[in-house]
């Protein structure tokens, strides 16, 4: 007998269970397992996956939602993911499939906008290959001259930031339009207003979290797991805990292409050396008169050190840096292994006993001779 099926999007993964937003049968997410044959072939299921689901009898018979917060889930209430459709994009950190864009959120102030941190986020976002939407929050706390300064500065970097204020909802409509009908990831440092922005973009987000997590965890808004939330005008949005402390997991030769202003310089021309890393090599196509060139050099050293950790270790000077009560740093000699280690009393007694025994043996041998 052919089982009834529907297609949908995986919106959350928790242990061995998957929440799927179905397209036709119900407007509520359905709790599912993964078919054994998918496990056997090593087919993983990720948030954002497009899947085909075998529907549970209870849903077909009663037409009810499967997300009521009950303490146990009966076998007949579970759907089963039977197929995972090919993915258009895949991210490992955070683990999300089929994402289309990353929305980076920063604050213009409180905390102050820090150019190195912003640059690092942008570089890692570029490495995903996804479209980037840059959003500056807290417009209501700065002067118009500050807004213009950062707008002009980011334009030179190759970006057109969306300026918003969650507090007075200024500029939010433009961001909503960018998110419409797409799977988007939201990332950024702490304290910039991401949670408040998500609450504004996704009305009832706390209830969505409660529904999705009612059977499996306590039902509070946490970003330890990636979850997709429905946007009112279409599309899905995820907060991304794995992206909020970005690593530069790129190849050295790839790094220059993650800076739009440098990428533009390489359009239609090449460096003389194929392995050029754009550090002043002869006939390099990339100039040095762009603002983030220093960022590029610093990030490049970090990437090179990751590839050759044995070469990046500094020679041991025998000193270690410590911070005093006055906040000043100072060097203190390291204690060499075993050289300055105090012997334990037990060890001293053992050595003394061994010495006495050896002395007695020597004396005994002398008496015998």
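Even glycines carry a Cβ here, placed using N, Cα and C.
So that you can see what the record holds, here are the features copied from Swiss-Prot:
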type	residues	note
BINDING	137, 138, 139, 140, 188, 189, 190, 191, 192, 193, 194, 195, 196	GTP binding site
BINDING	271, 276, 278, 284	Zn(2+) binding site
COMPBIAS	359-369	compositional bias 'Acidic residues'
DOMAIN	88-246	domain 'CP-type G'
REGION	307-369	region 'Disordered'
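Everything Swiss-Prot records as a feature, shown here on the structure.
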residue	record	CB count, 10 Å
137	GTP binding site	27
139	GTP binding site	20
190	GTP binding site	9
192	GTP binding site	22
194	GTP binding site	25
196	GTP binding site	12
271	Zn(2+) binding site	17
276	Zn(2+) binding site	18
278	Zn(2+) binding site	22
284	Zn(2+) binding site	17
On the three-state reduction of DSSP, what should I expect for residue 276 (Zn(2+) binding site)? coil
If you take the centroid of the Cβ atoms of 271, 276, 278, 284, the listed Zn(2+) site, which other residues of that chain have their Cβ within 8 Å of it? 256, 272, 273, 277, 279, 281, 283, 285, 286
Between C-alpha atoms, which of these binding-site residues comes nearest to residue 278 (Zn(2+) binding site): 137, 188, 190, 192, 194? 188
Integer Cα-Cα distance in angstrom, residue 284 (Zn(2+) binding site) to residue 190 (GTP binding site): 38
I'd like the number of other C-beta atoms within 10 A of the C-beta of residue 188 (GTP binding site), please. 25
Name the secondary structure element type, per DSSP in three states, that contains residue 190 (GTP binding site). coil
Distance [Cα-Cα, Å, rounded] between residue 192 (GTP binding site) and residue 271 (Zn(2+) binding site): 40
Longest inter-residue Cα distance for the GTP binders 137, 138, 139, 140, 188, 189, 190, 191, 192, 193, 194, 195, 196, rounded to the nearest angstrom, is 19
